[in-house]
DNA sequence: AGCTCCCGCCACAAA
DNA sequence: TTTGTGGCGGGAGCT
C-alpha cells in the first residue's frame, strides 16, 4: 500500500520478538502522540491540518494519526474539511461539545449503568460551519443506532460507523457526563457500551479501543487514571475542563522539561531507538506522565459536575484564560482595564493549584518559576501574598 | 499472570 | 483501479 511510510518499514524490520533492547513502548503511546500533535497544532494561526504533514512531522505512520484525529474530531477539536485535511477548532469548543454530549445522553434517557446506552452519534451542531459541508455521511452518522449488532466482515457503512472510535469516544464521555459515577473501569465501560452483546472477543476489542481513547483523553487531561478505592482496580475519573485549567500551571513546566530533554523535537520517531541515560529517562518519564498523574501523588481531585462546566465556561469560551504560564500555543490575555483583576485571579489560581512534586528536579524547576513569579509580582502588583512552594 | 495497548493487516469507502 | 480510511485482534511490553 502506498501509505506505508518509511517508519512502518522500520517497525517491520524489528519484528515483535527482535526489537532492539531499548525499544520503549511508552515512548510511542497514543497519549504522547496526542500531546505532540497538540503541541504542533494547538496554536494561533493554525487553520487546516494535513494528515500527511502531521504524520511526517510527528514521525509516525498515518494509521496512528487517524486514531488521534478520530478522537479529537469526536469532541469537536477538529472537523474534517476534505480528504486528508482537517480544520482545527481548538479547546474553546470543548464546553459546548460537552454540553451537547450531555444533552444527547440525557435525551437518550441514559441515567444509570443499569440502562443500556443507545448508540447515537452527536449531531454536528458542535460546529455550525460543518452544516455547509452537507453530505450523506453526516446523515449516516446521525442515523446510526443500536449497539447490539455484532461485528463481522461485510459490515455496512452505518454498522462501521457505529463501531467507530469517534462514536465510542462520545459514548464514553457521555458515561461520565450523564451519570453520577465518580470513576469507571474500562471493563465496566465496555460492558455498558456493548449493551446486550457480551461476547468475550467483542469485549476484548472494545476494551482495547477504550484504552486507546482513554490514553488520548488522559493526555488532554479530560480524564485521569486512578484506582477504585476498594477493589484497587484501575479506573478513570472525569476531570473535564477543570482538568485542563487546573493543570495549566504545571503544563509549562512539563513542556519546559521536555524542551530541556529533547530540544525542539516533537516527533515520536526520534524516541524510537534512542538510548537514554538513567537521569534523562527519569526526567522524561516524569514529563511523560500526564500533568494530572504528576499531581495525583499529592492532590485529590474532586469530580466535576457537568453542570459546572455548562454554567461557567460556555458563555466564556472565547475569554478562557489559562493562567500566567499559559502554553505558548494559547493566546495570552490582552492587557486591559481589568488587568488588575486578572492578576488576582492568577494569584488565587496559583495558590489553589500550587503543585507539590516528589520529583526533586520538578520541585527545583517549579521553585525557580515561583521565584520569578514572586519577583515579577512584587514589582508589578506590590508584592502582596507571594506564592510559596509547598513541601 | 494479568493488564495495557502498539502495530499493521486488510476490508471497505471514496476518488 | 488506486488511494484513503479505520476496524480489528495478535501478541509483546509493562506492572
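Cβ coordinates come from backbone N, Cα and C, glycine included.
Here TrEMBL flags A:1-18 as compositional bias 'Low complexity'. Per TrEMBL, compositional bias 'Polar residues' is recorded for A:131-149. Residues annotated as domain 'E2F/DP family winged-helix DNA-binding' in TrEMBL: A:25-90, A:160-240. The annotation region 'Disordered' is assigned in TrEMBL to A:1-22, A:128-155.
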Using DSSP, what is the helix/strand/coil residue split across the domain 'E2F/DP family winged-helix DNA-binding' (A:160-240)?
46 helix, 12 strand, 23 coil
So how many of the residues in the domain 'E2F/DP family winged-helix DNA-binding' (A:25-90) end up helix, strand or coil by DSSP?
37 helix, 12 strand, 17 coil
Could you tell me the mean pLDDT the prediction assigns to the domain 'E2F/DP family winged-helix DNA-binding' (A:25-90)?
92
